[in-house]
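Here's what TrEMBL has on this protein:
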- 31-53: transmembrane segment (TRANSMEM)
- Asp70, His169, Thr171, Glu309: Mg(2+) binding site (BINDING)
- Asp70, Asp314, His318, Asp356, His357, His461: Zn(2+) binding site (BINDING)
- Ser118: active site, phosphoserine intermediate (ACT_SITE)
Amino acid sequence: MDNRDYDDDLDENTELLPFPVEHKAKEKKTLFFIFLSALIISIGTIGLVSIWVKLTNGPEKRNVILMISDGFGPASETFARDYYQFVNGLSYDNVIPLDRIQVGSSRTRSADSLVTDSAAGATAFSCVKKTYNGAIGVDTDQTPCGTILEAAKAIGMKTGLVVTSRITHATPASFSAHVISREMEEIIATQQLGDYPLGRQVDLMIGGGRCFFLPNSTTGSCRSDDRDLIAEAKNSGFTYFSSRNEFDKIDPKSQSIPLIGLLTLDHMSYEIDRNPTDEPSLKEMSEKAIRILEKQTADSDKGFFLMIEGSRIDMAAHSNDPGAHVHDILAYNEAIDFVTKYVDDHPGTVVISVSDHETGGLTLALQTDYYEYPEYLWYPDVISRIKNSSYALSVELTKYWSNDRTEYIKDNILRNSLGISDFSDDEVNFLVANHTQQEYEIYMANLTSWRALVGWTTHGHTGVDVNLYAHGKNTNALRGNHENTYIGQFITKYLNLDPDSITLRLNSNNTFHKSTSNITNYNVDHLAHYHAGHIPRRT
């Protein structure tokens with residue numbers, strides 16, 4: 001077949017419809033005036049539209065709310081959805097807030113392992129770099145790397161952190177500090193207040209972890225020195241609060257920044273244990289933070305960057321505690337629901353929700369007898385009867401040694417708190433005997449998991465991809481499967497940030513993040529531990 005273009009057979013002088021020359025000249029002149037008129041009308045229309053847009057909408061202010069569901073994997077979403085449908089009598093096609101904004105998935109490996117920890121996972125988001133497990137805001141060479149929070153601050157944006165863990169824990173630390181080990185929480189605390197080369201970078205912090213801000217002479221302190229960081233914070237201009245009552249009195253319309261709220265000595269309570277009169281929920285803290293940052297940026301063309309973490313989703317999974325896990329997931333979804341509605345009302349705002357990794361290797365269906373083919377089911381009704389976390393109950397057990405301990409365990413722990421009435425003598429005897437707090441905690445978590453046919457493969461992390469969620473302008477770019485560093489890359493581009501310039505500033509003094517790495521006498525025995533080797537290893 002001849003593939004030549006038929007136009008190739010026509011010479012440049014060939015006329016398909018040979019009009020007289022005079023007619024052709026008139027036609028060209030007419031077409032020119034028609035084109036010119038159309039162009040003038042178009043330019044005028046575009047100009048009017050542009051003016052109208054500017055007058056009605058004003059310049060677009062961009063905000064980014066990055067939400068991190070620590071330890072939340074794909075199975076956990078199914079778990080929470082199934083549970084929510086069951087307890088509320090909803091149909092199988094009812095969805096939870098996260099379901100509505102799922103756009104893809106994120107790969108989680110760190111620079112030195114196929115299974116990441118929270119420090120490397122969060123640093124991948126914050127510094128847009130892969131690093132080693134345990135690293136906080138430093139690269140594989142232990143060199144400080146500029147974070148998207150610091151880069152946002154550098155261009156005049158307001159910044160914030162809201163978490164249910166200690167504010168010095170791995171995820172919030174990775175946005176606001178630079179140390180070679182996540183265990184250096186007392187150093188992280190000083191940097192979060194501005195004691196490092198960049199000065200104060202975080203305008204608002206709400207979470208737990210007061211113990212790392214108290215001098216070692218104070219009951220409950222985790223510090224190895226006598227620095228009173230709360231006093232230092234106040235002296236440098238921070239407004240400080242530490243109670244639910246003080247939290248409730250904060251009026252976003254009049255509250256100044258910087259602001260720091262440390263509501264508990266250690267991590268905040270699991271949602272299943274939370275007393276609303278003592279601690280606000282993640283949704284309440286998120287809403288308060290957003291309203292404050294919104295007010296603080298009202299008269300500026302710069303918006304805010306806020307990182308919100310559902311921290312204790314992960315910790316419940318470390319303990320393989322299905323009751324604590326599902327309630328913290330649902331509390332996170334309540335926060336998601338509020339934030340997505342906020343994005344709808346504020347078109348320049350983007351929300352991204354992602355996990356740093358999956359924890360626990362959760363499975364929905366547990367094979368209890370390896371010699372018989374398993375049934376295809378699991379029982380959400382077992383989970384619905386749980387009233388307290390296994391952690392809270394284990395702490396209770398270590399303190400209760402009265403003569404009626406056996407009956408106390410049967411009635412208060414098993415029947416009333418765990419919803420278990422078919423307990424065996426062996427199960428009761430284990431709880432009556434003297435064990436460590438962690439042994440009690442894991443054992444009780446197993447009691448409910450076994451009965452619900454909820455399986456776990458580890459008390460640590462796994463290497464699976466995690467779901468990626470997003471809502472707002474340009475978030476179609478997040479569709480598909482991405483490396484975790486891409487989340488930080490997207491935020492950098494959306495806000496027009498320059499983290500590399502922050503890296504250069506940080507490394508004008510490249511020893512600050514190592515200067516106290518020899519500390520080994522942290523006072524942390526009274527804290528809840530969820531990761532191996534909480535005390536830094538001697539080198």
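Positions of Cβ are set from backbone N, Cα and C atoms, glycine also.
Positions of TrEMBL features highlighted on the structure.
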residue : record                                  : Cβ neighbours (10 Å)
Asp70   : Mg(2+) binding site                     : 27
Ser118  : active site, phosphoserine intermediate : 30
His169  : Mg(2+) binding site                     : 29
Thr171  : Mg(2+) binding site                     : 27
Glu309  : Mg(2+) binding site                     : 29
Asp314  : Zn(2+) binding site                     : 30
His318  : Zn(2+) binding site                     : 24
Asp356  : Zn(2+) binding site                     : 31
His357  : Zn(2+) binding site                     : 28
His461  : Zn(2+) binding site                     : 26
Asp70 (Mg(2+) binding site) to Asp314 (Zn(2+) binding site): how many Å between their Cα atoms? 5
How many whole Å apart are the CA atoms of His357 (Zn(2+) binding site) and Ser118 (active site, phosphoserine intermediate)? 7
List the Cα distance (Å, whole number) between Asp356 (Zn(2+) binding site) and Glu309 (Mg(2+) binding site). 10
Any idea what the Cα distance is from Ser118 (active site, phosphoserine intermediate) over to His169 (Mg(2+) binding site), rounded to a whole Å? 9
For Asp314 (Zn(2+) binding site) and Thr171 (Mg(2+) binding site), determine the Cα separation and express it in whole Å. 11
